[in-house]
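Engineer: So TrEMBL has the following annotated:
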TRANSMEM  9-28  transmembrane segment
TRANSMEM  34-59  transmembrane segment
TRANSMEM  66-85  transmembrane segment
TRANSMEM  91-114  transmembrane segment
TRANSMEM  126-148  transmembrane segment
TRANSMEM  154-172  transmembrane segment
TRANSMEM  227-247  transmembrane segment
TRANSMEM  289-311  transmembrane segment
TRANSMEM  317-334  transmembrane segment
TRANSMEM  355-376  transmembrane segment
Amino acid sequence: MEPQINKVCFLFFGFSNYFGFFLMLSAAKSMMKGVAATSTVLFCDITPKLIVKIVLPFVQDKIKDIVYILAIVVLSTVGYILASFSYQNMYLGLGGVVLTSAATGVGDVFLCGYSTRFSTKAIGHYMSGSGLASLFSSLLFALLVDVLNCNPKYVIYSFLALPFLLLECFLISSEYHSPGQQDESKALAKTGYEVLSDNSVYTEQISTADSTQASTKDKFKALLKSAYLYIITLLVITAEYTINQSINPVIEFPNTTWSGKYFTFSQVAGNLGSFFGKSSLSCFKCPRWLLLLPTSIVLLLFVFYSCEAVFHFINEFWLLLCFGVVYGFASGTAKTQSFFWVQIEQKEEHKKFAVSFMTFTASFAVFVASLIGFGYEGFLERQKRW
C-alpha cells in the first residue's frame, strides 16, 4: 500500500507544477486586451512545454533529480514575476508565460517519470493535483479580479511561493517505502484485464528504467501497444483546449450582469469538471474500450459550443457553464485513465519513456489547439448571427 505521505506529495506535485500553466490561461483574455487572439497566450503557454517534452525524454536518465527540481523552481519563480508585468507590457508578460510553460514541461517529464518508481496511486494523485490547480487557479483569478476587482499584478505575485512547495514535497517523498507497480499489474491480470499486449502476466523482475537500457527503436516500437490511448489523449485535449481558448472567448452575454465575464467563469466550470475527471482513478478504473465514451462526449460538445458561438441559442449563463463542467469531466477522465493504462501496459524498461511520450502527446494536442485557435476564433466572430 502506498504511504499517505507519498500520495500527498504527488497531489502537491501536480498542483504546484500546473498552477502557473492554468493561471496564464485564465488571465489570457485580459492579458491580450483585444489586441491579439486569446490563443496567443495558449500558444506561448504550450510551445516551450512541447519543445521540452520532445527533447527531455531522450536525456532524462542522465540528469539528476535535484537538477530538475531546481530548474522548475527557478523558471517558475522568474516566470511569475515577468507575467505580473503583462498589464504594463504585453510582450514582457508573454515572456513570463514562456518561462512558466518551460517549467511545467520540465516538471511534467520529470514527475511523470518519477511516478513510475511508485504505485499507480502516485500518477492518480498527480493528475488530481493538476486538476486542483486548474480549478483553483481559474476560481481564484475569477473571484479576485472579476468579482473583488483586485489588481491582477498582485494576484500573480501572491502565488510566488508555490514552486518552493514542489521542492519541499520532493524532499519528503520516498520511493523506498512504495510497493511499486508489480503487484497491481498482477492483480489486474487476475481480474481479466489485459495487462500486456502479448497477454502475459507481468513478470516478477527487479528492473527499472535506470538499470535496464532499451534501445530507442525498441522504445518507439513499444509505443504501438498503447497507440489507442495516445489517439484518445490527442483528440480530447485538442477539443477541450479549442473550446476553452478559442470558442469561449467568442461567447458573450451582453446587457446582463455577466457581460464580459463569461470567459473567466467558463474556465472555472471546465476546470471544475476536469478536477473530478482527473480524480476518477481514485474511484474506478475504466476499461480501455470504454474510454471511447468520454472521448465522444468531448467531441460532441465541441460541435455544440461552436454552434452556440455562432447562433447563441442558449441564453442561460449558468446552463452553459453546466455543459462546461460536463466536457471538463469527460476530458479529465479520458486523460487520467489513459495515463493509468499506459503505465500498466508497458514493460518496465519502456514504461518511463512511454509515460514521457504520453505527456508529449498531451502537450502536442494543446499546441494543435493553439494553432487552430488563431484562425478559428476569428472565423466564429465573423459567423456570428446574434
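The backbone N, Cα and C atoms fix where each Cβ goes, and this holds for glycine too.
Can you tell me where each of these features sits in the structure?
Structural biologist: Tertiary proximity for the transmembrane segment (9-28) is limited to same-chain residues at least six positions away from its ends with a CB under 8 Å from its CB atoms, namely 38, 40-42, 45, 49, 72, 76, 79-80, 83, 86, 96-97, 100-101, 103-104, 107-108, 111, 115, 118, 121-123, 125-134, 136-138, 141-142, 145, 152, 156, 159, 162-163, 165-166, 169-170, 172-173, 244-245, 264, 267, 271.
Counting only same-chain residues 6+ beyond the ends of the transmembrane segment (34-59), those with a CB under 8 A from a CB of the stretch are 21, 24-25, 27-28, 90, 94, 97-102, 104-106, 108-110, 216, 241, 245-246, 249, 263, 353, 356-357, 359-360, 363-364, 366-367, 369-374, 377-378.
Distant neighbours of the transmembrane segment (91-114): 10, 13-14, 17-18, 20-21, 24, 31, 40-41, 44-53, 56-57, 60, 65, 68-69, 71-72, 75-76, 78-85, 123, 126, 163, 166, 209, 339, 352, 355-356, 358-359, 363; these residues of the same chain sit at least 6 beyond its ends, with a Cβ under 8 Å from one of its Cβ atoms.
Packing against the transmembrane segment (126-148) from elsewhere in the chain are residues 10-23, 25-27, 30, 111-112, 115, 155, 261, 264-265, 267-268, 270-272, 274-279, 281-282, 332, 335-336, 339: each is 6 or more residues past its ends and has a CB under 8 Å from a CB in it.
Using a Cβ-Cβ cut-off under 8 Å and counting only residues 6 or more beyond its ends in the same chain, the transmembrane segment (289-311) has close neighbours at 229, 232, 235-236, 239-240, 242-243, 247-248, 250-251, 277, 320, 323, 326-327, 329-331, 333-334, 337-338, 380, 383-386.
Long-range contacts of the transmembrane segment (317-334) within its own chain (CB-CB distance under 8 A, at least 6 residues past either end) are made by residues 127, 131, 232-233, 236-237, 239-240, 243, 251, 253, 256, 258, 262, 265-266, 268-280, 286, 291, 293-295, 297-298, 301-302, 304-305, 308.
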Engineer: Using a Cβ cut-off under 8 Å, which residues of the same chain at least 6 positions beyond either end of the transmembrane segment (154-172) come close to it?
Structural biologist: 5, 8-10, 12-13, 15-17, 19-20, 23, 27, 65, 69-70, 72-73, 76-77, 80-81, 83-84, 103, 107, 140-141, 144-145
Engineer: Going along the chain, which residues at least six beyond the ends of the transmembrane segment (227-247) come within the CB cut-off of under 8 Å?
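Structural biologist: Contacts of the transmembrane segment (227-247) (Cβ under 8 Å, skipping residues fewer than 6 from its ends): 25, 28, 37-39, 41-42, 266-267, 270, 274, 288, 291-292, 294-295, 298-299, 301-302, 305-306, 308-309, 327-328, 330-331, 334-335, 338, 341-342, 345, 357-358, 361-362, 364-366, 368-370, 372-373, 376-377, 380.
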Engineer: Are there residues at least six beyond either end of the transmembrane segment (355-376) with Cβ under 8 Å to its Cβ atoms? List them, or say none.
Structural biologist: 37-40, 42-43, 45-47, 49-50, 53-54, 56-57, 60, 105, 108-109, 112-113, 115-116, 123, 223, 226, 229-230, 233-242, 245-247, 335, 338-339, 342-343, 346
